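**Student:** What TrEMBL shows for this protein is this:
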- 217-241: transmembrane segment (TRANSMEM)
- 286-459: domain 'Protein kinase' (DOMAIN)
- LYS314: ATP binding site (BINDING)
Amino acid sequence: MYPFWLRGHHAPQCGYPTFGVTCDDPTGTMLPSLSESYLSLLDINYGNRSVVAIHSNLVSGEPCPATRINVSSSLRLSQLAVSGANWELFFSNNCSRAPPSPAGALWLNCSGAITGTWSVHLGRRYAAGPAECQYSAMPVLPGLELRSWDDYTAIVRRGFLLDWMVPGDCAACKATGGQCRFEAGTNVFGCLCPGGDMQLAKCGELLVMIPISACDIVTALTSAAAALLFPCIYVLIWYMTGKRNWLILWKKKSSSTERHYEAMIVLYGSLAPKRYTYSEVMKMTSSRHKRLGQGGYGVVFEGKLHDGRLVAVKFLQDCKGNGEEFVNEVMSIGRTSYVNVVRRFGFCLEGSKRALIYEYMCNGSLERYIYSENPKEILGWERLYAIAIGIAHGLEYLHHSCNTRIVHFDIKPQNILLDKDFGPKIADFGLAQLCRTKESKLSMVGARGTIGFIVPEVH
């Protein structure tokens, strides 16, 4: 059952702290639910670490509350994230004039706690209409068409897909006869073995506490002597052969650094976007044939996925430190699913070769319009206002509605991409900082942002 555990029947260490399940459902739906959220569980897939869930307010009764439900806010203290495999229902209402009605849009008349006429559209994306409208979105499982109220009700009550990422490989532990445990105090996964001993991964491995033999003592002393001798050998090599040997050691350090942030990405499991090989990325871009532009960390080329979808592929140049910009950008957007945040299709990491694959934005960045000689004739004040509102919605989502909040630190016209309907999407998360949802203060050590632009998270 790990990482889930049944409250009132299992000890808390039998699962992950925020994955406690209760069957005492006050709504009478008879569905198990996560006790620290408003989510009821419809299905659990341990193979791909995912669950199908539904907001408890939508299980029974009129499903119009879907227009006021923020799924991401229900996940704030858990290790669950909205899966990128979902589609979305897009809602709009309270418009001073009628919003655009794309093909397949449905009009809903709601009563009770939530009243009014709503336009709802099912799909991957939705072109926002007038800025004065109220917009919202909710993830749903794909596979059904939206043609009537009955279709809408069926889509909502099928739920949506969530991915989880918790420490430990429970399958490996069970395969060796152990039981999975999680110690919340130390934040460590453990495997309780038949003999009563606790291992860090699976049974049959060396214990943390083991008897020390004379052979072990000799081995330890030898290792200590080698550790003391190494600096002396290093100085001697430097003195005798100069920088050539320094370069060799530096390359080894670089390899260690590559392994460091590669391990960080692997740790995120299903939350990380799809990983491509470098040869696949080169084939995707026809060997970097069509250049779209250049950003602060690399050059962007047009590409095409195997299913024909156009993408933008950013080949990163030299990264500083542990490649923190690359890791931040991969993990940040891997945790997001919102109409005003650019969608990520995958990434490439092969040694020093790194690339990021985004959805293709045919209208490019906001920079080409806002810095033109007469931007009002190109976009108009109404469209510029709608873009500003969209950016604000995207920032509000990143700051408050993500499973792990994201502070971008580099909002500028070059990092705002425009889709075919000039809908804004926030991109380029190279300077982003991730923070736990309980944190209210961030470390501001070091310069952030771009010279000439005010960082909205700071000022």
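Cβ coordinates come from backbone N, Cα and C, glycine included.
Keep in mind that TrEMBL annotations are predicted by a computer and have not been checked by a curator.
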**Student:** Neighbour count, 10 Å Cβ-Cβ cut-off, for the residue listed as 'ATP binding site': what number do you get?
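**Tutor:** A count of 24.
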**Student:** For the domain 'Protein kinase' (286-459), what's the model's average pLDDT?
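**Tutor:** Value for the domain 'Protein kinase' (286-459), mean pLDDT as a whole number: 72.
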**Student:** Per DSSP, LYS314 (ATP binding site) is which: helix, strand or coil?
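**Tutor:** It is in a strand.
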